[in-house]
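Here is the structure we will look at, set down as structure tokens.
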Amino acid sequence: MIKYKRILIKLSGEGFANKEKNLAIDFELVAKIASQLKIIIEKGVQVSIVVGGGNFWRGVSAEKNGIPRNRADFIGMLATEMNALALQSGFEKAGLKARVQSSINIDQKVAENYINEKTLKYLNNGEVVIFAGGTGRPYFTTDTAATLFAAEIKAEVILMGKNKVDGVYDSDPKKNENAKHFSKITYDQILEKKLQVMDLTATSMARDNNINLIVFNLLEDNSIIKALEGKITHTEVTR
């Protein structure tokens, strides 16, 4: 049973890469995501996605090499456009209708400009909307972009698919085998404990707009469906 009707999925760009095969985009993973979205949409759930660009570009390391932060962030925005177009193609191959909407001005042959009314129309028609370009401004993360878009389209929940991490812990589980996993936690507790889930702007915005957050391991089989149905190890963050 899925209790949400409109969701936003936050996918990290880094999670798309297949380092073993030396691929920037793992299309096998894209196909697995697409097959899950088909099932979810058939159940009446409206799906939007915000994708990062970390598989192509890491802005923090760029700054260390003399590239100004604002320019590095714009390069990162272009990286999200590439990921969004790749997702769109993978989804369409699976029989889904998908749109890419960009928060930065880009040739309309490549992607549409983001217009809220159009987004809602597409979602109501059962199409997947992929948001690219982050917030369109430097100094903001794609986590903040995800929360911003979720608030604008009135999504009830953000699904944050992590790479081999199945939720929120009190410390890094990859470094501390005794890290404590939270099945449920509030945004205020995250802020108080200074847990690295989303940046402070995104966390506060999600809390203030009463948007739930589900953090789960994207790489598990049928993870998106199971996360929505509560049948996978995850963390639910609420106000």
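Cβ from N, Cα, C; glycine included.
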Can you pick which of N163, N178 Swiss-Prot lists for the same ATP site as K10, L11, S12, G13, G54, R58, Y169, D172?
N163
Are there any residues in the same chain, six or more apart in sequence, whose C-beta is under 8 angstroms from the C-beta of Y139 (UMP binding site), and if so which?
R69, N70, D73
CB neighbours within 10 A of K10 (ATP binding site), counting all protein chains shown, number 26
State which of the following binding-site residues has the fewest other Cβ atoms within 10 Å around its Cβ: S12, G54, T135, N163.
N163
What does DSSP assign K10 (ATP binding site), in three states?
strand
Among G53, D73, T135, G136, R137, P138, Y139, F140, T141, T142, listed as contacts of UMP, what is the widest Cα spread in Å, to the nearest whole number?
15
